[in-house]
């Protein structure tokens, strides 16, 4: 069965290849043409540079095992070249680089060198997607346009345990708008004794409170548990109840297949430094559905960059608002940050999100298989993330007892295994479909299995 056309069952797929826990089987998976990665397109820290002091049969100068792209992605090999191009044109052409430069990336429209490739990653149409600001800034800007509270419809629905950026942004935005967040915010929790939020509980909350809800604001992928929410269904039920629907895709963009236009999502924001591999604090992304493309009367905070490019430099202070997402821009973007985003998107453009997702299903499934198959890990670790592959992305959140998680993290780090610790009890492990190998996963589980649990 070709993974490019989907996998009905990971177990069936690896069983057909004679699944076992050996290094040779991991290497056999890496040799499958249909499971090839883009590993050579990225720079890897070494075991030594990550603070490692030992290796599994190799050298301290070997590449580390990097399973932390859900926190920060690796640097594309071309990022340095793309950034140096803009530094070069700044040095050689100065102000003239705004309108033309020898690398074909005029700064006045630098976003246009990014958006066509970005549209394919998030499932947006031309005019719906851009790169601008940071995720939280974009959230505030789009809240200002799409959260329009009335006396009777003013509530915001979001998942409990959301990433702090979302939590702080929502509560501070409501307070600034004169709405008491303690009265307005409805947080949906997992049921008692469970880690995950049930879809039926999300739907029930929306239906039960629909006439009071102004905005549904949900993550695409829950950062802590790795749970993928049913964004299409949430949007559908939200619209049936007259609610606006916005998404935080920080852990979804570059991780899972997104179809923002087809799902009829009103707006979305995301960062580019996790699965999108564009460096910490990189230029973020934003989406506004094209049904609002000419909704020029919608409230918004604007700046010069929201002005139509064709008339922007007339500078008569008569706003000629650009159509679509461009009309939600505020100011020009950092060309240096844009260069890093462009370098990452050049890699994404060599494949498709469907192909990456297919590889990710096998990669994460193999991680789960090994954790359950090896005796020590199976006895001492609980996987918090959904078992159903369609309800998770590239991440598995592993639960430890609170007196072992730091020791385990440091033990892994000593071997150059880089994962993400979330105290007091979780280590998040994210094999990236772009660059992680099955041998990486095997090394991680093998070393973890050697740990002497208390």
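First residue shown is number 1, and so on along the chain.
Just so you know, glycine gets a Cβ as well, placed from its N, Cα and C.
When TrEMBL records 135, 136, 163, 164, 165, 166, 248, 251, 304, 332 as binding pyridoxal 5'-phosphate, the matching candidate from 103, 273, 292 it lists for that site is 273. Recorded residues residue 163 (pyridoxal 5'-phosphate binding site) and residue 274 (N6-(pyridoxal phosphate)lysine) have their alpha carbons 14 Å apart, per Cα-Cα distance. Reduced to three states, the DSSP call for residue 165 (pyridoxal 5'-phosphate binding site) is helix. Cα spacing between residue 332 (pyridoxal 5'-phosphate binding site) and residue 274 (N6-(pyridoxal phosphate)lysine): 23 Å, rounded to the nearest whole number. Distance noted between the C-alpha atoms of residue 135 (pyridoxal 5'-phosphate binding site) and residue 274 (N6-(pyridoxal phosphate)lysine) is 12 Å.
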